[in-house]
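Beneath this line is the structure, given in structure tokens, with notes to follow.
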2 protein chains.
Amino acid sequence: MAADGGEPGTVRPGGRTARVRAAVLRAAEDALIEKGFAGLDLADVARRAEAGKTTVYRRWGTVAGLVADLLQDMAERSVPRTETGSLRGDLAANARLVRETLADPRQGALFKALIAAAAGEERTAAALHRFYGTRIAEWAPVVERAVERGEAPAGTDAAEVIRAVSAPLYYRFLVGGGPLDEELATRAAEAAAVAARAGVYAPADTP
Amino acid sequence: MAADGGEPGTVRPGGRTARVRAAVLRAAEDALIEKGFAGLDLADVARRAEAGKTTVYRRWGTVAGLVADLLQDMAERSVPRTETGSLRGDLAANARLVRETLADPRQGALFKALIAAAAGEERTAAALHRFYGTRIAEWAPVVERAVERGEAPAGTDAAEVIRAVSAPLYYRFLVGGGPLDEELATRAAEAAAVAARAGVYAPADTP
């Protein structure tokens, strides 16, 4: 779970292998932000990271392998959920976090490059879906707590509520265009909270 | 508005120029579906369309110019809105249409290629935003009618409601992964209808 923890059980955290991995992944991020997935090249990443080219080829093999490891690392470093005591407050905190990430010039460019790469490459798509799976699972308990407090009906699909908060932000970011402003984040959270409360994310036959 | 109407006012609909445009745009679609934006090449498109290479270079100039014209043509050919008499029914019809488009192997691959291209290329992003602007404007009146019928408060942002219907479908398509099933479309429409009715898309100070 550490920022540069390497492969659990195989590498001493903070050791040389972990340091090389951290440097290579940061270099891969830089290259993706500057040139996109199509411009990503293992030799260039090794040069930027001041790592041995042989090491990089041996450890990551391909550009897709490197990107999959970057997404794994991003999942490990992702920000833990906030619990405010109300579904509305928790979803608003999540929406703010998503908005800040996508609106940040570096992070936004990185996510755009990764999502574009996933659109054309199966292995990257699978790694991207795992990344979002981890992120959604981190936040889903805020909906489970809300169900326990009676703020949403039993059987509510917690993961779908969390995805519903992110969806309008990603839609504007990738598809519709326009500013990733706070109003968008606030509305996304409120819409998901209202719909969850109304039972939209619960099976129709739940009492 | 015709499927192959060429440039309004300059070209006789159904004339030779319009036929060449239609053939070139279909060839561009095929190439995007097979190879993605990075594999798009004007000479290859001319060959596929059995059109003169010089004509294609003179008329479209660049790959980005060709893609912008394809998006313009897609906007002109997009399916008109359905009016069912209720906001819920209209949004469900829209969600079904979006789902069918993205779940269709050819259309889905085309949209994925176009959205990935827009992530790395400003001119394509602008053309994509215009395409979605047209599509959203076509459907926004169903929300305006709903406001007139009292199904949502005055001041409701009609375009945002329509975007809210599409957002969960695009999120799963591009980001989260998973099946683009009918349940997802139904929930997207219901969530948007419930949130619109609750005033989430209206200014807080609207009476």
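Every residue, even glycine, has its Cβ placed from backbone N, Cα and C.
Note that TrEMBL annotation is computational and uncurated.
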B:41-60, B:61-80, B:121-140 - the one TrEMBL records as DNA-binding region:
B:41-60
Please work out the helix, strand and coil residue numbers for the DNA-binding region (B:41-60) from the DSSP assignment.
16 helix, 0 strand, 4 coil
Segment confidence, the DNA-binding region (B:41-60), expressed as mean pLDDT:
97
